[in-house]
Amino acid sequence: MYVVLEGVDGAGKSTQVELLKDRFKNALFTKEPGGTRMGESLRRIALNENISELARAFLFLSDRAEHTESVIKPALKEKKLIISDRSLISGMAYSQFSSLELNLLATQSVLPAKIILLLIDKEGLKQRLSLKSLDKIENQGIEKLLHIQQKLKTHAYALQEKFGCEVLELDAKESVKNLHEKIAAFIKCAV
């Protein structure tokens, strides 16, 4: 089963992924972008080079295609539980050029069975971002991240409606422990 955690930077995805590693020791943990060696190189170029937004979108789509082919599909074939920090949902939400059609091509229509969506309000996001050094995306401001968060939600529910992906929407301001228990229960009900 393929499970993804989605949310803007600062929502707590990475914290939850680390906790899930202790809970689901036999699962394959991965991430997008950069879940393969080639993907790490593409991610580095996409995030650090001065390139057009269209070129950046295609680098991320290339990363997604490689990740699907070399990580996701083999693990699904082996009937493994796959837990990914981000997916095509982030790809579509963060890019102005990344369509569902292009992402379905890149993923060969391999979609997550379950989507965990961590949502955070403006105040919570401000507080969390103030505690860390900001990357290029985070430096675009709170309003930009809240706009991306709305797109994440829209894309997650569109996948639910069109393809039957299950969505668990959570308030990222809940305690780390409560979030972990809800996420683990959501994953377990199909494992």
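Just so it is clear, glycine is given a Cβ too, placed from its N, Cα and C backbone atoms.
Straight from Swiss-Prot, the features:
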BINDING   GLY7, VAL8, ASP9, GLY10, ALA11, GLY12, LYS13, SER14  ATP binding site
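Those same-chain residues not listed among GLY7, VAL8, ASP9, GLY10, ALA11, GLY12, LYS13, SER14 yet with C-beta within 8 angstroms of the centroid of the ATP site C-beta atoms are LEU118, ILE120, ARG128, ALA172. All chains included, 25 other C-beta atoms sit within 10 angstroms of the C-beta of GLY7 (ATP binding site). Of all the binding-site residues listed here (ASP9, ALA11, SER14), it is SER14 whose C-beta has the fewest other C-beta atoms within 10 angstroms.
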